[in-house]
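Participant: So that we are looking at the same thing, I have put the structure below in structure tokens.
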Amino acid sequence: MTTAELMDYAEVVTRFDPVLGLEVHVELSTATKMFCGCSNQFGGEPNTNVCPTCLGLPGSLPVVNAVAIESAIRIGLALNCEIAEWCRFARKNYFYPDMPKNFQTSQYDEPIAFNGWLDVTLDDGTVVRVEIERAHMEEDTGKSLHVGGATGRIHGAEHSLLDYNRAGVPLIEIVTKTIEGTGERAPEVARAYVSTLRDLLKALDVSDVRMDQGSLRCDANVSLMERGATEFGTRTETKNVNSLRSVERAVRYEMTRQAALLADGGSILQETRHFEEASGTTRAGRRKETSEDYRYFPEPDLVPIAPSREWVEQLRGTLPEMPAERRKRIQAEWALTDLELRDLINAGAIDLVAATADAGAPPAEARSWWVSYLSQQANNQGVELGELAITPAQVARVIALVADGALTNKLARDVVDGVLAGEGEPDTVVETRGLKVVSDDSALFAAVDEALAAQPDVAGKIREGKHAAAGAIVGAVMKATKGQADAKRVRELILQRCGA
Amino acid sequence: MTELTRLTAADIAAKVAAKEVSAVEVTQAHLDRIAAVDHAVHAFLHVDTERALAAAKAVDDDVAAGRPAASPLAGVPLALKDVLTMQGAPTTCGSKILENWQPPYDATVTRRLLEAGVVILGKTNMDEFAMGSSTENSAYGPTRNPWDLDRIPGGSGGGSSAALAAFEAPLAIGTDTGGSIRQPGAVTGTVGVKPTYGTVSRFGLVAFSSSLDQAGPCARTVLDAALLHEVIAGHDPLDSTSIDAPVPPVVAAVREGATGDLKGVRVGVVTEFAGDGYETGVAAAFTAAVEQLRELGAEIIEVSCPSFDLALPAYYLIAPSEASSNLARFDAMRYGLRVGDDGTRSAEEVMSLTRAAGFGAEVKRRIMLGTYALSAGYYDAYYGSAQKVRTLIMRDFDAAFAKVDVLVSPTTPTTAFKIGERTADPMAMYRADLCTIPSNLAGNAALSVPCGLSDGLPVGLQIMSPALQDHRGYRVAAAYELARDAAQGGPLINRVPELEVVH
């Protein structure tokens, strides 16, 4: 599709009301898979974390992972859902090579959690309440790797490889009710919802929530209705949305694409579309000639789940401080203005700063690092702040090294660059890059003497008492020591040498 | 035929323990018998001589070393239905789609047998994926009934029951989804038991219909069945539908029944299971059996279970629905047959070609039935209604068991029919399970015990018990078996015609 087939966004929102529906899949970070004892570890050699059950071998049977149920209930509670007193798994039947049984064991019309909400704060502080339809449990499929084609897609591939390590990984699917009335802010609401949900799941410690690794995946349903219309338009479902930024872009793109079609008298095809990260566009998935009939029926190999109210209340007691409350507390503790707090939140930095402070750094320093230098690096890399390859503990260590005088601020940035480049822990980077402040006076004297000898006229002025002239020598020494010297000390040594 | 193959499992175990005979001798005798007669019967799909002898040797070593027997059946040979996995042997389920498939794990039933020192001789023939009542649906050719080689041995577990009737094994394991243990037991003059659903693990049992499938013991005597029952039953954490409850005391019940006293036992005769469609000889043998129960002191009460008439149609919606999903995994991607993979075809095409070539007609018929019954727009009318019928049948059972301790009926309406007689008429074939299906739908316990001959062919008496009350049926069956043998001049099974022996 060319851009000529898109409507200008400003026009879109004057003519149409967008309606969103967001489906988020979360891979739980349980030790084992949903229905067997295999390790639930991301990565690993293909087909090593498998057993008869997750390979769907004849005669194998599933047994529900109790920790996964616990996580599902905690997620449901954190999303203000009701928890089912009795629910079941169902089989979703369809054929696909990376699905070992050719059915997915999933909850269908009896989810474990339903009817909840999540308050989402937008960049300007506006709070939008997103209603949650349901959160249900299911198992992930394996992965297909299509080999030989130019695109990595199935079309044109010479053959496909199947990796079942992911087959049977526990998933929670969180489905919103339709989100209406957000107007031009729909893309921002979508991003903020996923972002808020991610923070919540992280606080619950139930998932790695890594969008880049697929442990948090968002499908965005988007439709438009003409301003004043009462019936929803036809929706599309966009998959392959692998970052927060992509969520926003995908929704925005679909709005402009659908609006152009509708304005032209066309109609929207109810279909699955794929987000293309590089171009920021969506493309239609493979068309199916008939609509899929999944022939759901209750999974006869599993017994119903009936969480007792006592257990549910006990789990409610294990919920951590929710991110929203935590922010209020942190704002008070760090004495932040509303604007400062919002900047922190918008930079996606608040939890990182808090974690850095928890690791021993003064909150103000931690905030400064994350909001300025590290935010710039994230921008340069085109990733979220939290996706940078540095941990709050590492940032705290760098801050400590500066406080100790072992690093200057400039050196500290070099150390951070080294950590980001995968060179290891801060101390390792200091070692391997040789970034320690040169505090050995004899080494500095040599550099000072050399610089004085190179600029005899300047040296003369200093000896005459013109201390300001020392700046030129300091500069030369700093250059010669590649910035590893403490400038203040260098100045002292120069004056000492010149007997001034 | 040596005397060893005529012994009961209980006697074999006792003689092995007493060093009167070695387990290796017993095993060898059965392997010889298989070699001599299985060409005619075709009960086995796979026989593992070396492994059987090695297992027997291990039992003999235990005996020699004075170690306690692993179980009351240590050293007894057994035939395992080819629907249960066993490492080191193929599991085919009677299907071409699993030809030569070697499972990498043991079924829980298999594991329990091995741990009990039971000697597994091999895997027995069956209707493909346990779908059928005659074993004619096996992709590897039919099994023949030792009572008349032109007749079917029942199904789907015809291989297991024929192996017993042909004295190729004293014990066998079957699986019963709609009668696949009891109906073969009835038409071969052997004992077949479907335990309460959830009391024998389904882990490693290749699923036909998950909510109905149940493995159980097959034997020539009620006591042998009970001994085997206690070896294979018990809670299994690997099967979520396994019941965490003590195994019903079935062996003790047999000993109690063997006193020959059924005073105080209320026996309900299901009135719906009589009339048109029941062979005269079957009805006569059944009536005589009921009379015998009365003579043993039981109180006979007629009980109506009106919903049982709906059991067959409900079964043929539920079982195929589950089967259509359970059998979806046979797609050539990971194991089993692969057809058409010539480098030009897509995975979907290969799946389709493989399933077209690998499944037999009856399996395809049921996959289509089930796929249809689960389809959007039909689900409520078919699968949904069938589940409601299932509830009605459970209520009929509940009402009946409020009045009686056990229910009885003929196991199957006719004696063994001729091979080929019903293959063109699926409905006629399906009616073989008319009386056995209700217990599968309700998940309770039922067994078949031989109750006489009709025109020289065995007839079975079905005894149904409430869930987890399996021992009630065993008690009645044991008492009846003793009285029957006394009245009919010794065990019925001894009247199986001699088979032609190949040397």
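Every residue gets a Cβ built from N, Cα and C, even glycine.
Please treat TrEMBL annotations as automatic predictions, because they have not gone through curation.
Grabbed the feature section from TrEMBL, which reads as follows:
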| type | residues | note |
| --- | --- | --- |
| DOMAIN | B:25-472 | domain 'Amidase' |
| ACT_SITE | B:Lys81 | active site, charge relay system |
| REGION | B:133-154 | region 'Disordered' |
| ACT_SITE | B:Ser156 | active site, charge relay system |
| ACT_SITE | B:Ser180 | active site, acyl-ester intermediate |
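In terms of burial and nearby residues, how do these features look in this structure?
Facilitator: The DSSP secondary structure for B:Lys81 (active site, charge relay system) is strand. In sequence order, B:Lys123, B:Thr124, B:Met126, B:Gly157, B:Gly159, B:Ser160, B:Ala172, B:Ile173, B:Gly174, B:Thr175, B:Ala215 constitute the residues six or more apart from B:Lys81 (active site, charge relay system) in its chain with CB-CB distances below 8 Å.
In the region 'Disordered' (B:133-154), the DSSP tally of helix, strand and coil residues is 0 helix, 3 strand, 19 coil.
Taking Cβ-Cβ distances under 8 Å and a sequence separation of 6 or more, the neighbours of B:Ser156 (active site, charge relay system) in its chain are B:Gly94, B:Met126, B:Asp127, B:Ala130, B:Met131, B:Gly132, B:Ser133, B:Thr135, B:Asn137, B:Thr175, B:Thr177, B:Ser180, B:Pro184.
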Participant: Where does the mean pLDDT land for the domain 'Amidase' (B:25-472)?
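Facilitator: Value for the domain 'Amidase' (B:25-472), mean pLDDT as a whole number: 97.
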